[in-house]
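Colleague: I have a structure I would like to understand better, so I am pasting it below and will then ask my questions one at a time.
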Amino acid sequence: MSSPAAGNDAGLADPLLANGGTGTGRSGAGSKDKKKYWVPADEEEILAAEGRGGEDGRPLLYRTFKVKGILLHPYRLINLARLIVIIQFFVWRMRHRDTDSMVLWWVTVFGDFWFGVSWLLNQASKLNPIRRVPNLALLNQRFDPPGDGSSSSSSQLPVVDVFINTVDPVDEPVLCTMNSVLSILATDYPVGRHATYFSDDGGSLVHYEALLEAARFAAVWAPFCRKHRVEPRAPESYFAAKAEDAGPYAGDAPAQFGDDRRHVRREYEEFKARLAALFTVIPQRSEAHGPDSAKGATPTFMADGTHWPGTWLEPAANHKKGQHAAIVEVVLNHPGGEPQLGAPASSENPMDLSAVDVRLPMLVYIAREKRPGYDHQKKAGAMNVQLRVSALLSNAPFVINLDGDHYINNSAAFRAAMCFMLDPRHGEDTAFVQFPQRFDDVDPTDRYSNHNRVFFDATSLGLNGIQGPSYVGTGCMFRRAALYGADPPRWLPPDGSVSKQLSSSDNDPCHHFGNSMPFINSVPLATHHERPVAPPASIDGELAAVATCAYEDGTGWGDGVGWVYNIATEDVVTGFRIHRKGWRSMYCATEPDAFRGTAPINLTERLYQLLRWSGGSLDMFFSRNSPLLAGRRLHPLQRVAYANMTAYPISAAFIFVYDLLPLMWLSGSEFYIQKPFATYAAYLFAGIAMMEVSGMVEITWAGITLLDWCRNEQFFMVGATGVYPAAVLHSLLRLVGLKGLPFKLTAKPQSSGAAAAARERFAEVYEVQWAPLLVPTVVVIAVNVAAVGAALGRAAAGGWSLPQLAATAGGMLFNAWVLLLLYPFALGIMGRWSKRPYLLFVLLVVTLAAIAAAYVALLPVFAPRFVSPFWLGFWSRLGGFISPASWRI
């Protein structure tokens, strides 16, 4: 799915309440509630808490916690009891095939069976939830101790390459993207041990010059963050935060903080003004140079007067979207290993940086080549180019990928991930560490379940107890060797190693990795934690070569190497491919959140996002990447989890039928899908009740609020009525060889994290963008409202006997439940009227009254046998009164 717990510094007094080692986070009531239900997993964890190491004496860099038995055992027992009830229910139904329609009876039997199977698949992966808490104190002590007084760096932390991806500076606001870059440049990780690779898939000069401006401002911003240890380190979010949310001061110069902050704030406002001016300055500069006589178009000119090799203002051959040369530009060179202290305060520079390392990490701009006739594979293709370019420059053994709208919210995030990668227990077999997705711009009630907390705070903890969470597309640290297709050490022969396997993985490495010998030579070195950075000038030609369209032709890229191609959910499939080879993954949630970003808060955009995720999931289920076809290295329960993760949209077909069954009530006749109906309803009630009780226990140990859980239930129903049927249709078209439905990329909010823009951001919740995806859900709402109104009308007309009335009341509970689950959708299509939710209830009451009155009026005409004698006599007298024959003039 592309659409989503707290782990902190265990070196502090209480690892579940720590702040991630940054000194700025504050635990709240939620963290305390989580702590109550978790205990160390085994004796080894208790020894680790006392500062003692594992079996080989090395320190354990994370602690493992499990749910207390007082919650876990009842949780498992409830699930077992529900499984027994489900089995008995199907046995009873097969023995009692008494119905008014065998067709619908079989449909509901298959539907109930699928619901039972999908529930079982979902619960099977949650029976052993595990929370892992990184120990930053021990990591720093072991790999990054304080300097010994010499001029060289003493850090032994591995090098990390950070990938950022963006496409359009308008659809993805350039200020938001540059804030992501700035948060990385200022993060709490050794300056010479991480590099940032910025992929601009649109080849826009705006992005390149914005990156230059960000590098200039970072010379002020990064030292300020290091000096005063501020959080978060994205300036827009930092300056927008309220003073009371900042926490206690953590730096070393409190007397200078106020003046320094005001100075940096002024610099930031000027930086924003320069970014905004780029959209005017670049066109004016280009128009001043005039058109290119050879191409007959107006080129885009760079500041030095040369043609921009990417896209032009006025598109021309080789200079337009989808057609331009590869561009690789090093914006900030590698800083080396020697610290460089800044200058003391002066009239020109009012900030004293004499005790602060002012170096900046390496920063590289990439715009891969685009040519007509090539499938550029969207984000997956861009990240594979980043993988090759970074291998030639820094070749870090670890890679972190972020979307352009995500920034580092907790500057210790890289260190937290390293606790899992370097731990002596499973570190070498861990392919990636996945952080949860959190968002800034979601409305306070999370109307459309953007945070997806049930998945990130419950399901992911369950997967953590098996082979690990799935990859969700952003906020993830990878082991580079795993992306190259290597096997994990535990599956290698005794005399083998990952680097040895990569160097001899193919008789013809060019067939596997492409024809760049410098890149091929870098592949086995990717497993090493130390490698000198290559001078960009010596490999300029090679950098451009690995970013060309034709480089991947006839190679393993997009299949066995790098991110997977030809599927909408490249993230889930890539993570599955890695798990299938036997690698583990880890889930890491920190306090405060490691990364934060923006989410689609408009209803239609959110539905398009669900369509892309669900359609891609079904594509995976019916492809050779299906979890049903994986080999023995995939953990059995991990296979079950992936099967549920990819096949869930199939439920929509049955849910849609169930939601439309109330249509039969409008006929006025009695109809039973299953007889005896009372027993059928009792089974359904018992099964649903146990499922809800299980959900209540689940949200207790996961630390999820009741509102989060309700939003998850509601938006699953919204997706099941409109989006998932479209995803099933898409997959059916693909299975018969047709193209399928087009997937629309999610548009991002146009404003970023400033508090002053909060009202503007949340206004997007009230925008209505009509699309075909909305129609099925509108139909379901209309059918259920009409059914309730008709039932009320028939009851008013005396058309129900007492047993029938009881059965109808049960049916109306189902209708009310469906309408309650679709409540966020109803608010969404109301637009700005949804600012007053009570209007929805007023509209519902008026509509029900109108439908009931119309039903009462029409029932004597079309179904008089269902009308009581009193009402028949009343309508007869009323009809005689209004008949023209009785009128007198």
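The backbone N, Cα and C atoms fix where each Cβ goes, and this holds for glycine too.
Remember, TrEMBL labels are computer predictions, not curated facts.
According to TrEMBL, the protein carries these features:
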type     : residues               : note
ACT_SITE : Asp201                 : active site
ACT_SITE : Asp571                 : active site
BINDING  : Glu172, Asp201, Lys378 : UDP-alpha-D-glucose binding site
BINDING  : Lys379, Asp403         : Mn(2+) binding site
REGION   : 1-34                   : region 'Disordered'
TRANSMEM : 70-91                  : transmembrane segment
TRANSMEM : 103-121                : transmembrane segment
TRANSMEM : 647-668                : transmembrane segment
TRANSMEM : 680-704                : transmembrane segment
TRANSMEM : 716-736                : transmembrane segment
TRANSMEM : 770-793                : transmembrane segment
TRANSMEM : 805-826                : transmembrane segment
TRANSMEM : 838-863                : transmembrane segment
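In terms of burial and nearby residues, how do these features look in this structure?
Modeller: Other C-beta atoms found within 10 angstroms of the C-beta of Asp571 (active site) number 26, with every protein chain shown included.
Around the Cβ of Asp201 (active site), a 10 Å sphere holds 23 further Cβ atoms from the protein chains shown.
Remote same-chain partners of the transmembrane segment (70-91), defined as residues 6 or more beyond its termini with a Cβ less than 8 Å from a stretch Cβ, comprise 37, 109, 112-113, 116, 119-120, 123, 127, 129, 683, 686-687, 690-691, 693-694, 697-698, 700-701.
If you look at the transmembrane segment (716-736), the same-chain residues 6 or more away from its ends with a CB under 8 A from one of its CBs are 448, 607, 610-611, 614-615, 617-619, 621-622, 648-653, 655-656, 659, 772-777, 780, 818, 821-822, 824-825.
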Colleague: Cα distance, Lys379 (Mn(2+) binding site) to Glu172 (UDP-alpha-D-glucose binding site), nearest Å?
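Modeller: So the alpha carbons of Glu172 (UDP-alpha-D-glucose binding site) and Lys379 (Mn(2+) binding site) sit roughly 14 Å from each other.
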Colleague: Please give the maximum pairwise Cα distance, in Å and rounded to a whole number, for the UDP-alpha-D-glucose-binding set Glu172, Asp201, Lys378.
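Modeller: Output for UDP-alpha-D-glucose binders Glu172, Asp201, Lys378: max Cα distance 15 Å.
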Colleague: Rounded to the nearest angstrom, how far is the Cα of Asp201 (active site) from the Cα of Lys379 (Mn(2+) binding site)?
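Modeller: With distance taken Cα to Cα, Asp201 (active site) is 8 Å from Lys379 (Mn(2+) binding site).
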Colleague: I'd like to know which of the recorded positions Lys378, Asp403, Asp571 sit within 10 A of Asp201 (active site) at the Cα level.
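Modeller: Checking each Cα against Asp201 (active site), the hits are Lys378.
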Colleague: Looking at the binding-site residues Lys378, Lys379, which sits with the largest number of other Cβ atoms within 10 Å of its Cβ?
Modeller: Lys379
Colleague: Just to confirm: which same-chain residues, 6+ apart in sequence, have a Cβ under 8 Å from the Cβ of Asp403 (Mn(2+) binding site)?
Modeller: Ile164, Asn165, Gly473, Thr474, Gly597
